[in-house]
Every structure is written in C-alpha cells, then in structure tokens.
There are 2 protein chains.
Amino acid sequence: MPERTVFFVSDGTGITAETFGNAILAQFDFVPHRVRIPFVDSADKAHQAVRQINHVGEIEGKRPLVFTTLVDMEVLGIIRAGCKGMLMDMFGTFVQPLELELGIKSHHRVGRFSDISKSQAYHDRIEAINYSLAHDDGQSNRDLAGADVILIGVSRSGKTPTSLYLAMQHGLKAANYPLIPEDFERRQLPPALSTHRKKLFGLTISPERLSEIRSERRPNSQYASLANCRMEVAEAESMMRRSGIRWLSTTTKSIEEIATTILQELRPERLSY
Amino acid sequence: MPERTVFFVSDGTGITAETFGNAILAQFDFVPHRVRIPFVDSADKAHQAVRQINHVGEIEGKRPLVFTTLVDMEVLGIIRAGCKGMLMDMFGTFVQPLELELGIKSHHRVGRFSDISKSQAYHDRIEAINYSLAHDDGQSNRDLAGADVILIGVSRSGKTPTSLYLAMQHGLKAANYPLIPEDFERRQLPPALSTHRKKLFGLTISPERLSEIRSERRPNSQYASLANCRMEVAEAESMMRRSGIRWLSTTTKSIEEIATTILQELRPERLSY
C-alpha cells in the first residue's frame, strides 16, 4: 500500500484524538505515517495545519486521514473549509446529538486539562504518583492504611508498572509489596499486610515467562533459573489461595488489562467510578 | 438536572471509550454517574450489559448514554438490538467510511492490547518505565547515553511525574536530574549532563506555586520558603538560558500538556511519531 499520512489535530494535547484514532486504525492492516498537531488554538495555527496537511497530501498523491478533536468553532471551520484530507470530526459527530438528548448546549471550551493543574483531582493524582513511588517494592510500610490498593507478587511479576499506571491513570494510591523466600518459609503473608487484606491484590505469572524476564537482568543466576521461578510462583500462588486474596496472571496481559481487572475486582472506595 | 448514567462498554479495557466519552462529556456542564463495563467479549456478557443498562434507565426514567468501542459484530448487534440507551457507536461511525477510503476491510479483531505483552513495543515500554524509575531524581548517572530525554529543574518542578508519563505513554526512556545549590554556585550544568545537551529539557515553575508545593511536604522550612524558591527558580532559569536549553513553565500545565510540548520541541529519535 502506498504511503498515506494520518494527522491528529487538536486544540489541546491531542491525546484524545490519538487514543481514539489509533484504536480505529488498529482495525486495519495498515501502518500509516502519523503526525501529531497539538495546541491548534488560533486561526493562524489552523491555517498552518491546513497548509501542512494539504502539502503532504499533494506529495503522497492520496488524501491524508485527519482525526480532529476541535471545539473552537472558528478553528474547526478553517480546517473544514481548507483541508483536503478525509476529515473525521470526532467531537462534532457526537456533540450535536448529545445537545439534543441532554437539552443543554455544549460550551466549546478548549481542553479538558485547562487549568486542571489547580484542581483537586489533579492534585490527588500527583499525590497518588508520589505515594506509589514511595511505596514501590515494599520500600515503606508507613501509611499503608492510606493505600487504595496494595499489589503483591514475586519479584518481576508486573507490580511496579501496574502500580504506577493505577496512580497515573486513575489517581489511586497503589503500593506494592514483593513476596520473598522468607514469606514462603513463614507460610504467611508479610506481617505488615495482614491488616489490609481488603486492599490486597495478587499478581502471578507463568514460571517460564518470569525466568525470561529475570534472565534479561541477571542471566544465568539462581534468581532467574526456571527451577527457582517455578518454586517461587508455586509458593506465591498457594499463599494467595490460602489467604483468600484475589489474583490474576499477568503472563499475556498488558498493564491496561491488569489495571482494569483490578479495578473491577477490588472496586476501591476512592475511585470516582 | 436529574441523575443520568453514562456507560462505557467495550470488548477490551474500555480505555478508548472512556478517554473519548469523557472528553465529549467535558463539553457539557453535566456531571453524570459513570459506569465502566469492560471485557464484553461474548453474547452472554452482551446480554448482561443490556440488562444492566436498561435496568438503570428504568430506575432513572432517562435513557442512559452508552459509549461503545465494540468490534465484535455479534456483541455489537446484541447491544444495538436490546439497549434502550442512547448508543454512541464510536467505532462503527468511523470504520465504515474508512473502509471505503482505504479500499480494505477492517478485521474486527478485539483489543488493541491483545497479546501485546509479547510485542517489542510493549517490551520497550516496560523497559522505559524501569529506566525512568532507576534514573529518577539523578539517582544514577549510568547509561545516561541511553536516555531519550533528560529533564532538569529544581526540586518539585514536575520532573518525576512527567518522566514517568513519557515512559508509560510514549515508551521513552526519560531520566530526570535535579538542579541544586551546588550547581548554582558552580554556575554550570551538572557535569554528568554536559555531553547530553541535545536531550536536555528544562522545567521551571513560579516561585509562589513552588513554595506552596514544597510547604505541603516541609512546612515552615527554609527549603519551602518563598525567598528560597525565588532564588532557586531565578538561578535555574538563568542557567538554562545561558546553556541554551529549551524549557517551559509547569505552573499551570498538566503532565499531559508538559509531555506534549516536550515531544514537540525535542522530537526524540526513538519516538515513532
């Protein structure tokens, strides 16, 4: 297939246009060249975006695909009038039917993030990231009562990226705690966690995948050996089963899938929905 | 306005449906009750979702708003046929026109994340998160050559959350490095950074906001005092100016806006677009 460029045009960061546009493009066996044009918030910038898009279209001899999330009607108007690409106006398509349904007008204000740096939700999110960093890998037992979620599992089972994702995306204070040989010998959960059972969620992983991941860091070590990984995973799973903790296997799952499942299962109180 | 519920229904995590639906809803002065129904990937689950949505609609006496990103045609068909909510079929709306434009069929495969845990891009993203964690706050000078971006700025100017976001969202290895009084006395960039000038990006912040943020951690300290914050910020800005480093003020910006601006300015080589 000949080269064809996809543009994501937004008056804000363009993250919504990209998330949505890429999800739609993932439905096609087609790897386009992608260009992000964020912060298009004036007539000048709109004209500049039109020139850029049309120029690329002429060079490629195919009209570019253009995903937009523009709320400024002047900017959108300029793009609509001048752009020779295939316009997918993601807001326009749904906002008008929603105005009718809700019986209220949309306000066409730019940017779901504008001034958000002063908002409580944003403040909480930054706090959650700091909390999750400070409580990564069992670094601190202080204030575990303040955690929304505490992930447990053997080393390299996926706890750290999942904790950070829960904090970054959902504003949750997500601690994580490694299960180590001492816990297996004692055959009990780490004592610091026993009073927080409701918030615990276990991550496990196939011993084969774990051995691969650990081998990247410490090749040919006892730590990374398949035999040791088998032992640790079996012990951790049996401990989680005995303790009645909910858990899942991360082996074939992305961070997003793991996080979504945890939210479904734990339903943390502080989560807005 | 009476209560009205918004559902996000997806055969995957629902993140696309949520990102997009919330961006559209942000155009209205209307705070709905929100419910996420992820992983609707069978006829059974589709019927269950229909029952849940219609039940809520009856209780509220208003038809629910339903944002869907369903690619399985059987599942979508069941929702379409049975759901009494206002359906916003985000994929269907754009996929068909795109099929015509591209001259190829979409494959209706579920989930942009399916099996992604095995992909190189996913592996790189996890590596980037680990890298950014290990290189947070100047913890390690090792392998700074491997960084895609190195953020600098005074303590609490926003470096850590921005680094983690760049890693999580864009798969970039983002180190960050604090500017401290010793650097100001020497009137030079930290020596470890001098060979990586192309990758440096500075974050600054208004002294008033910085003093507020630092006061939350260490109230009434010299560290958090407005006088000290004024001095540090002035020194840091003058150092970045002298060194010819690109920088921005984070005072009123969200992590997403900061990250998008950094990408626009630095255009890291490893970034796919």
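Backbone N, Cα and C define each Cβ position, glycine as well.
All TrEMBL annotations are machine predictions without curation.
Quick look at what TrEMBL lists:
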| type | residues | note |
| --- | --- | --- |
| BINDING | B:GLY153, B:VAL154, B:SER155, B:ARG156, B:SER157, B:GLY158, B:LYS159, B:THR160 | ADP binding site |
Binding-site residues among B:SER155, B:ARG156, B:LYS159, B:THR160 whose Cβ lies under 8 Å from any chain A Cβ: B:THR160
Among B:SER155, B:SER157, B:THR160, the one of these binding-site residues whose Cβ has the fewest neighbouring Cβ atoms within 10 Å: B:SER155
Output field, ADP shell: CB within 8 Å of site CB centroid, site B:GLY153, B:VAL154, B:SER155, B:ARG156, B:SER157, B:GLY158, B:LYS159, B:THR160 dropped: B:ASN176, B:PRO178, B:LEU203, B:ILE205, B:THR250
Candidates B:ARG156, B:LYS159: member of the binding-site residues with the richest Cβ shell (10 Å): B:LYS159
C-beta crowding around B:VAL154 (ADP binding site), within 10 angstroms: 27
Neighbour count (Cβ, 10 Å) for B:GLY153 (ADP binding site): 27
Those residues of the chain, 6+ apart, with a Cβ under 8 Å from that of B:GLY158 (ADP binding site): B:LEU203, B:ILE205, B:THR250, B:ILE255, B:ILE258
